[in-house]
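Asker: Pasting a structure here, questions to come.
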2 protein chains.
Amino acid sequence: MDDMRATYMYAVGDVRVTDAPDPTIQQPTDAIVRTTRACVCGSDLHPYHSMPASEDGAAMGHEILGVVEEVGSEVRTVSPGDLVIAPFALSCGVCEFCRAGLQTSCVRGGFWGDPGFGTAGTQAEAARVPLADGSLVPVPGVGADADEALLNSLLTLTDVYGTGWHAAHMAKVGPGSTVTVIGDGAVGLLAVLSAKQLGAERIILMGRHQVRTDLGRDFGATDVVAERGEEGIAAVRELTDGGSQVVLEAVGHMPAYEQSVGIVRPGGVISRVGVPQYEEAPVGFGSLFGGNITLTGGPAPVRAYTEQLLPAVLDGTVDPGRVFDRTVGLEETAEAYRLMDDREALKVALRP
Amino acid sequence: MDDMRATYMYAVGDVRVTDAPDPTIQQPTDAIVRTTRACVCGSDLHPYHSMPASEDGAAMGHEILGVVEEVGSEVRTVSPGDLVIAPFALSCGVCEFCRAGLQTSCVRGGFWGDPGFGTAGTQAEAARVPLADGSLVPVPGVGADADEALLNSLLTLTDVYGTGWHAAHMAKVGPGSTVTVIGDGAVGLLAVLSAKQLGAERIILMGRHQVRTDLGRDFGATDVVAERGEEGIAAVRELTDGGSQVVLEAVGHMPAYEQSVGIVRPGGVISRVGVPQYEEAPVGFGSLFGGNITLTGGPAPVRAYTEQLLPAVLDGTVDPGRVFDRTVGLEETAEAYRLMDDREALKVALRP
């Protein structure tokens, strides 16, 4: 069996690129995809801070833009040579949940690196993609040699752009909406872009890193609030005359939840796409109930949005790929984690 | 100043009807309403179990059907002699939130018995109703001498029917919906009726009191699940092949919340109208987030629904008043609390 290079995490802060077996077709619904671009996700930083030590390590990465190399006998919708987007949740495309646009709850699907599901990670030279017909979206007329900006924008469709879009979609952002986005990471910034595309009139971005919030302004933020906690809450309540109808929470830590509750307007919506790093939170009379606040969101079924978001990426109307401010070679993946963890980079693309 | 009889609570289980000053017009927007029917609410049982002892007591009651006796100089929409419904939240009718149908968040409004708001309770011979134009709904062509069944149905529009309706409305119940209602109290049963009116195809009622669940079947429940906890969850998941798209939670205790999380389908909605007797609850990946569950609901702006619900009550299409299985005189209010607390009565109407 041939070898490739792939990324594993072994403990807190311990990321290594090592030899791993080349992926092969195991099911007739599989495809093998050779990586054009992968990347490190903000959510990869959670295990980077907390993973128990493991001798075998965990295969990392759940975002991949690449070229189909081989397909199983039952694959119909993609062919060798196609440039494809693989969303972070793999899905069959035909079950009740896939048809409802909730591919993250697919009855046959699963997530990259989930041992029970049998996939490895995508921070590697190639990947086996189960359920290829449901999961993969070909990008017609574009090849792996497309320019860097376009490749980066296509890569956002695997996760961060679809996740920002999901936040806004679940909150029913529409023309005239007042929206506050908590978090100036890639997902928060693309939630700003999504809210803008959906017609929001006022978009307040809560974030403290000016390079990022400046990009947020380019994406459509009308106001930036750098304060956090009680001060940040007071600032947004002042700007919105009593609270924001929509809050998009793109962080996942408890202070961001508390901030959401503090700034949401009675009758408003908090839409979460930051993976919660807590299980319990205030939901009683004094937080959600009394003001008839709706709490929504979850892992984004980005596959549901790919076809809708692709045209504006291809014709250059939007450039979500600007969230990638660094590209490094695959061998430097550990450095990519460090750059993101130290906030020296917003989001790092990996080039095999 | 003349006296009337009114209900006060002084401590856990200590409810007394005593002399109290007759209400008088204090603001030009007030109305004085002479009670035709009041009642005890399920939510009144919360202080009945937990109220700290107080020498002055707390004025009780937030539901009243009565006849306008006198109005302030600025009141335009009701006149002396009108039979009126007063919802449990009093509201101005003109602010942003009232116009949006969220009268429970009215910027000028408040709740019965709230000392800061200056009202007493409605378990009394008469009540001062602030913000009469926004709060009161006249019932044209019906008088205080209408038959008992109609008076009871009109009385449900002050709270329990509108609250059940709110649960279904916030969950966007519509034609074909599968709905599970947790709780066989008056609000739960009227959530069943509301879901039926909104076109739900399948309505599962979770409750253990057969007299009540039988009424639930009359209101439209297609299935009854008597089990609670894990057993109840398993039964509903079995009936719904994996979970209920909509869960209407009409209890307010933590086990009902946990039951909601256990039975809701991925992508589904939990709509709460039972006043939460907890502040923190599970909302993380393993409860709400992972399945993209939406949590909604709150205190029902019943005033928003009165005009919509009234015609079917008046023409007899629906008979929500069947939730009243006892009527007692005002002097027996303490007994009314006991009957409801001991579950000897579902809901008790009070007749002055």
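Just so it is clear, glycine is given a Cβ too, placed from its N, Cα and C backbone atoms.
Just lifted these from TrEMBL, have a look:
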type	residues	note
DOMAIN	B:28-140	domain 'Alcohol dehydrogenase-like N-terminal'
DOMAIN	B:186-297	domain 'Alcohol dehydrogenase-like C-terminal'
Asker: Write out how many residues of the domain 'Alcohol dehydrogenase-like N-terminal' (B:28-140) are helix, how many strand and how many coil, based on DSSP.
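Answerer: Final tally across the stretch: 23 helix, 34 strand, 56 coil.
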Asker: Summarise the domain 'Alcohol dehydrogenase-like C-terminal' (B:186-297) as counts of helix, strand and coil residues per DSSP.
Answerer: 48 helix, 30 strand, 34 coil
Asker: Need one number: mean pLDDT over the domain 'Alcohol dehydrogenase-like N-terminal' (B:28-140).
Answerer: 94
